[in-house]
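Undergrad: Annotation comment: Swiss-Prot describes 34, 86, 158, 160 as Mg(2+) 1 binding site. Residues or ranges marked as DNA binding site by Swiss-Prot on the basis of sequence analysis: 47, 70, 158, 231, 233. Residues annotated as Mg(2+) 2 binding site in Swiss-Prot: 179, 181, 233. The compositional bias 'Basic residues' annotation in Swiss-Prot covers 365-380. Annotated region 'N-domain' per Swiss-Prot: 1-104, in sequence order. According to Swiss-Prot, the region 'I-domain' annotation covers 122-253. According to Swiss-Prot, the region 'Disordered' annotation covers 328-380. The annotation region 'Interaction with PCNA' is assigned in Swiss-Prot to 336-344 on the grounds of sequence analysis.
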């Protein structure tokens, strides 16, 4: 799920914290990519006639095709990707995982009805809702990455937290994922849409953490509390408090503890035994492998191994796999030239021209910051 409504909130309140970029501008950059999120995208997007790709044996291959060609696209543009795989989920995520299981059950029932009614569009929609990344998908992608010469990391817990750790400690330039909670984990730079297909023509969105805090006028602790109020994977949020109210409350009262002292809990019911403090600790002190203990090594692809696995075992065209291997090898030696700015000190918050909201526009940052002092207070 990530953080509910955070991307829109940033667009409304901190537009200068994000800029759009082209993939070619990341030449020479190392990027830690959330593997599970990418594989999920591939399983949903890489399809034929609305169905997941399979080989002659009926095995799903959408994830392998997506991983192979999207990774080649990145490497071809000089990017050095490292994929980070999820470990065991934290105990606090059990509630969110249970909700996802319930939603899949509902989608399965809806799919059966749509199939009976012959509603093709609904069938396609509910099929996608049933998609789940399995251990087998992960294992097959790890094998493929090894043959491609691309490193991967097994996170002890959440992949987003591990990506943030690698970025914060300078092991990579940025964390690449669609889950906004990588910002809550404190990554200095986040990239969205990096693994999207070229055909979608979606620009890469680059978010800067330091600039985000500055434009929101929040500390790291206040930003984490804001994300918990918006809704995260680790606990429920307060019903009735959306993004607009959440940021106003955090700006006014500075912490969830103070907010709880002042809001009308009849109007805004607080979840029973709300473990917001445990969620906060999880974001501040996630279980990760320290960046200095992670070794990243990019090597030449194993062309023979790729042909054996992808063509002979999985049914992909041998010529296409060989062409892909050549692209990987050529691009790897080109990208070793590196970036000019790698020889100089890199500033944590690049100079980005701030996108000022239109003059007099509703919801400008200055207007959002002003509020009635007793707006959310308990009735006397």
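Every residue gets a Cβ built from N, Cα and C, even glycine.
The model shown is predicted, which means the values in this text are computed figures rather than measured ones.
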Undergrad: Taking the region 'Interaction with PCNA' (336-344) alone, what is its mean pLDDT?
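TA: A mean pLDDT of 52 is what the model gives the region 'Interaction with PCNA' (336-344).
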Undergrad: Near residue 181 (Mg(2+) 2 binding site), meaning Cα within 10 Å, which of 34, 70, 86, 160, 233 (binding-site residues)?
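TA: Close binding-site residues: 160, 233.
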Undergrad: Within a 10 Å radius of its Cβ, which of these binding-site residues (34, 158, 160, 179) has the fewest neighbouring Cβ atoms?
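TA: Among the binding-site residues 34, 158, 160, 179, the lowest count of other Cβ atoms within 10 Å belongs to 179.
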Undergrad: Among all protein chains shown, how many Cβ atoms are found within 10 Å of the Cβ of residue 233 (DNA binding site), not counting that one?
TA: 22
Undergrad: What does DSSP give as the helix, strand and coil breakdown of the region 'I-domain' (122-253)?
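TA: Taking each residue of the region 'I-domain' (122-253) in turn, the totals are 69 helix, 15 strand, 48 coil.
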Undergrad: Other than 34, 86, 158, 160, which residues of the same chain sit close to Mg(2+) 1? List them in sequence order, counting a residue when its Cβ is within 8 Å of the Cβ centroid of the site.
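TA: Close Cβ neighbours, site residues excluded: 36, 37, 84, 155, 159, 161, 162, 163, 177, 179, 182.
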Undergrad: Using DSSP, would you call residue 86 (Mg(2+) 1 binding site) helix, strand or coil?
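TA: Assignment for residue 86 (Mg(2+) 1 binding site) reads coil.
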Undergrad: Please report the distance from the Cα of residue 86 (Mg(2+) 1 binding site) to the Cα of residue 231 (DNA binding site), rounded to the nearest angstrom.
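TA: About 21 Å separates the two Cα atoms.
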Undergrad: I want to verify one value. Collapsing DSSP to three states, which class is residue 34 (Mg(2+) 1 binding site)?
TA: strand
Undergrad: Enumerate same-chain residues with a sequence separation of six or more from residue 70 (DNA binding site) and a Cβ-Cβ distance below 8 A; give 'none' if the list is empty.
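TA: Expected: 38, 42, 195, 197.
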Undergrad: Consider the binding-site residues 34, 158, 160, 179 and say which one has the Cα lying nearest the Cα of residue 231 (DNA binding site).
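TA: Looking at Cα distances from residue 231 (DNA binding site), the smallest one goes to 179.
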